[in-house]
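S.K.: Quick one: this structure, given as structure tokens, is what I'll be asking you about.
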Amino acid sequence: MTFFHFFNCAALTFGPHAIYYKATPLSEYDTFNTCIKAAIVYLTTTFLKLVCLATFVQVSEHDTGFDLPQELLKGLIGFLDVAGLYYALTQVSHRSISQTHKFQAVALGWAFADAVLHRLAPLWVGAKGLEFTWEYLLQGVEANAHLVFTVSLAALGSLMWLRKNKPSALVPVIYASAAVVASMPSVVSYLRKGLAWDFEKVVSFELSASIVMAFVTWRLFSACQRPSQ
């Protein structure tokens, strides 16, 4: 029973990444190397974030709740993810793949590395416990929301940094949408610490917000492709 619960939680957490790769043209165009390179960039970016957090953010022995200055600093450091995605999309060498496949491969590698780094150990330790809990299933749902957020941010990044012939009227909307997605970790931190939301409500918010931002991103990406058709 414990292994079965662990398997279900792991499948929910990591399965969508594999399905995404196999069910889309990413597997047909052999973008696996791009996913690996994006994962390496993610790990490097995460290491830099940890160094910055350890250097600039004060750690209290007691849980003092939501500290606005400290959370703003964490949010600013969190924008290193945007710099990392920029590097992965524009500076890392890729095979001759289209812009659409490039941002999806980068996002998939980035999100999978994030899921492994933050979810695998808690699942291995906790989901094999004797007592059933919904926490690890919710963590799987949260990982899926993060996957959607990452694909959305990578798509918006490709519009900002790679596509030149986009409608000028949409440029502010693209940048504003990217800022919303990039600031989502700070929003979630405020919901958890500032408003004391429980984990179920936070995951519901993340899932709903990811769907909304995915729809907005899809509309923007489709609108930017029309002039080139």
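Positions of Cβ are set from backbone N, Cα and C atoms, glycine also.
What TrEMBL shows for this protein is this:
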TRANSMEM  39-60  transmembrane segment
TRANSMEM  72-93  transmembrane segment
TRANSMEM  105-125  transmembrane segment
TRANSMEM  145-162  transmembrane segment
TRANSMEM  169-191  transmembrane segment
TRANSMEM  203-221  transmembrane segment
S.K.: What parts of the chain pack near the transmembrane segment (169-191), using Cβ distances under 8 Å and only residues at least 6 beyond its ends?
M.R.: 66, 71-72, 74-75, 78-79, 81-82, 149, 152-153, 156-157, 159-160, 197, 201-202, 205-206, 209, 213, 216-217, 220, 223-224
S.K.: Out of 39-60, 72-93, 105-125, 203-221, which stretch has the largest tally of CB pairs under 8 angstroms to the transmembrane segment (145-162)?
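M.R.: Top-ranked stretch among 39-60, 72-93, 105-125, 203-221: 203-221.
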S.K.: Select the range from 72-93, 105-125, 203-221 that forms the most Cβ-Cβ pairs under 8 Å with the transmembrane segment (39-60).
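M.R.: Comparing 72-93, 105-125, 203-221 against the transmembrane segment (39-60), the winner is 72-93.
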